[in-house]
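As structure tokens, the structure follows; a few thoughts come after it.
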Amino acid sequence: MAKEISSELLNTILTRVGGPGNIASCGNCMTRLRLGVHDSSLVDPDIKTLEGVKGVILTSDQVQVVFGPGKAHRAAKAMSELLGEAPVQDAAEIAAQNKRQLKARQTSGVQQFLAKFATIFTPLIPGFIAAGLLLGIATLIATVMHVTADAQGTLPDALNFMKVFSKGLFTFLVILVGYNAAQAFGGTGVNGAIIAALFLLGYNPTATTGYYAGFHDFFGLPIDPRGNIIGVLIAAWACARIECMVRRFMPDDLDMLLTSLITLLITATLAYLIIMPLGGWLFEGMSWLFMHLNSNPLGCAVLAGLFLIAVVFGVHQGFIPVYLALMDSQGFNSLFPILSMAGAGQVGAALALYWRAQPHSALRSQVRGAIIPGLLGVGEPLIYGVTLPRMKPFVTACLGGAAGGLFIGLIAWWGLPMGLNSAFGPSGLVALPLMTSAQGILPAMAVYAGGILVAWVSGFIFTTLFGCRNVNLD
């Protein structure tokens, strides 16, 4: 398919989802065009057969069309332009569609909630990947070249320059999250950013680092700015809800002057008194749970084995707050490489299908087109084009991923926990230089590479033995 998404393809998709009048919203994540629909019964599931479409996920109120990285953003932009030219519906049609949309929302509340995480974090993912890659490459060069932290010269300066982006991102990440979260929950982004900044300020007048807020208690009550990303998400949600309530009774002439002012005062009070302590407890509980799962080999196997299923249902974005919590508590994201084993297991399954298929079959052509993205960590083409339509290979791919997760869990259990140097990043082979551990980058890279190899081989063996029986290999 060409680099640009053809208007003919988008018009065909638009027709098969029920036309412009059936579209409630248009957006994208890293690999998918996401179309909110009023009536899912009007959607033709054969969209997945269109040339250039790598897969389709249907929910009660959304159609997710898999295009791949980069293409999804261009598709969403072009689709928005097409929808902007669509005729306006009359009030009766809009009312009827809103009723159907409300009903759909009531039947998929969990998916609707998790979809918010995609809205909040997807715009940040390119930055996570770029900063993480720069940090990983700089760390690898420093390790190989034996560059110490206090070294002087052109090379150390260049390496420090490459690392500064990661420091900047994670120092002020909560402000970006607060802005996006407030918007996602229906509020004003800058209000969420201001509230998030309260979690960054220091409240100890004797501290020598950070930014002192100017007071150390809240009307005599101690301030404990814990919770980080969890607290910020709760505070941003509260900020958006309060803003909506204030705006209901605020006269239009005073809206710009007073709505945000009142919203910030109320939300900040709640943040200092309730949200910061609550966020801290939730943050500690979540970190404890996943740190113990990560150090439990069986827990790692279960997480890796189920992750492909989470991707299929579109709820994998719900892990991002966990990634951020682990970054704060461990200094690296130990969950991400475990979940990445799911994609590696699928690569092994696809190679087994390729080996068992006829030389000139369509299956071999499908695998050839999807295997390189799979090796580089983009799994949707393999999921929706190769394994999931045949079901058994999808199950054996999950088992292969579980084997890779078990391997990483065993190594962590034996004393070498490792993880991604960023909250989010690429998976597959591209993620190798982003691995880190207390023992250094090279041992972490070796563990990750070993996990990928185990997942490849296990996925291949499981699929060869159990995933090809009574399966269409044409």
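The backbone N, Cα and C atoms fix where each Cβ goes, glycine too.
Look at CYS29 (active site, phosphocysteine intermediate): DSSP puts it in coil. Note on CYS29 (active site, phosphocysteine intermediate): other Cβ atoms within 10 Å of its Cβ, all shown chains, come to 23. What Swiss-Prot records for CYS29 is active site, phosphocysteine intermediate, and it gives sequence analysis as the kind of evidence.
Across all of the domain 'PTS EIIB type-1' (1-89), the predicted model scores a mean pLDDT of 80. Residues or ranges marked as domain 'PTS EIIB type-1' in Swiss-Prot: 1-89.
Annotation source Swiss-Prot lists domain 'PTS EIIC type-1' at 115-474, citing sequence analysis.
As annotated by Swiss-Prot, topological domain 'Cytoplasmic' applies to 1-123 (among others), with the evidence given as sequence analysis.
According to Swiss-Prot, the topological domain 'Periplasmic' annotation covers 145-157 (among others), on the basis of sequence analysis.
Summarising the annotation, Swiss-Prot assigns topological domain 'Periplasmic' to 202-217 (among others) and lists sequence analysis as the type of evidence. Same-chain residues lying 6+ beyond the ends of the topological domain 'Periplasmic' (202-217) with a Cβ under 8 Å from its Cβ atoms: 223, 225.
The topological domain 'Cytoplasmic' annotation in Swiss-Prot covers 239-260 (among others), and the record cites sequence analysis as its basis.
Residue counts for the topological domain 'Periplasmic' (282-301) under DSSP (helix as H, G, I; strand as E, B; rest coil) come to 18 helix, 0 strand, 2 coil. Sequence annotations record features per position, and here Swiss-Prot assigns topological domain 'Periplasmic' to 282-301 (among others).
Residue counts for the topological domain 'Cytoplasmic' (323-334) under DSSP, split into helix (H, G, I), strand (E, B) and coil, are 8 helix, 1 strand, 3 coil. Annotation source Swiss-Prot lists topological domain 'Cytoplasmic' at 323-334 (among others).
According to Swiss-Prot, the topological domain 'Periplasmic' annotation covers 356-368 (among others), on the basis of sequence analysis. Within the same chain, residues 350, 382, 385-386, 464, 468, 472-474 sit at least 6 positions outside the topological domain 'Periplasmic' (356-368) and bring their C-beta atoms closer than 8 Å to a C-beta of that stretch.
Per Swiss-Prot, topological domain 'Cytoplasmic' is recorded for 390-393 (among others), and the stated evidence type is sequence analysis. Within the same chain, residues 349-350, 352-353, 463, 466-472 sit at least 6 positions outside the topological domain 'Cytoplasmic' (390-393) and bring their C-beta atoms closer than 8 Å to a C-beta of that stretch.
Broken down with DSSP, the topological domain 'Periplasmic' (415-440) shows 7 helix, 6 strand, 13 coil. The annotation topological domain 'Periplasmic' is assigned in Swiss-Prot to 415-440 (among others) on the grounds of sequence analysis.
The topological domain 'Cytoplasmic' feature in Swiss-Prot is assigned to 462-474 (among others). Remote same-chain residues near the topological domain 'Cytoplasmic' (462-474) are listed as 348-349, 352-353, 355-358, 361-363, 390-393, 395-397, 399-400 (criterion: CB distance under 8 Å, separation of at least six residues from the stretch ends).
For 124-144 (among others), the entry in Swiss-Prot reads transmembrane segment, with the evidence type sequence analysis.
The transmembrane segment annotation in Swiss-Prot covers 158-178 (among others). Counting same-chain residues at least six beyond the ends of the transmembrane segment (158-178), those with a Cβ under 8 angstroms from any Cβ of the stretch are 120-121, 124, 127-128, 130-132, 134-135, 137-139, 141-142, 147, 192-197, 199-200, 228-229, 232-233, 235-236, 324, 327, 421-423.
Long-range Cβ contacts of the transmembrane segment (181-201) within its own chain (Cβ-Cβ under 8 Å, at least 6 residues beyond either end) map to 116, 119-120, 171-172, 174-175, 210-213, 225, 227-228, 231-233, 235-237, 239-241, 243-244, 260, 263-264, 267-268, 271-272, 276. Per Swiss-Prot, the feature transmembrane segment maps to 181-201 (among others).
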Feature contact check the transmembrane segment (441-461) with the transmembrane segment (124-144), CB under 8 Å, 3 or more pairs: yes
Other parts of the chain folded back onto the transmembrane segment (218-238), taken as Cβ under 8 Å at six or more residues beyond its ends: 120, 173-174, 177-178, 181-182, 185, 187, 192, 195-196, 198-201, 203, 267, 269-273, 275-280, 282-283, 286, 321, 324-325, 328
The topological domain 'Cytoplasmic' (390-393): DSSP-derived helix, strand, coil residue counts: 3 helix, 0 strand, 1 coil
Contacting positions for the topological domain 'Periplasmic' (415-440) when only residues 6+ beyond its ends and CB under 8 Å are counted: 121, 124-125, 128-129, 131-133, 135-137, 139-140, 143, 166, 170, 173, 294-295, 320, 323-324, 326-327, 330, 332-337, 339-340, 343-344, 374-379, 408, 447-449, 452
Close approaches to the topological domain 'Periplasmic' (282-301) from elsewhere in its chain (Cβ under 8 angstroms; 6 or more beyond its ends): 226-231, 234, 321-322, 325-326, 328-330, 334-335, 338, 402-403, 405-406, 408-410, 412-413, 417
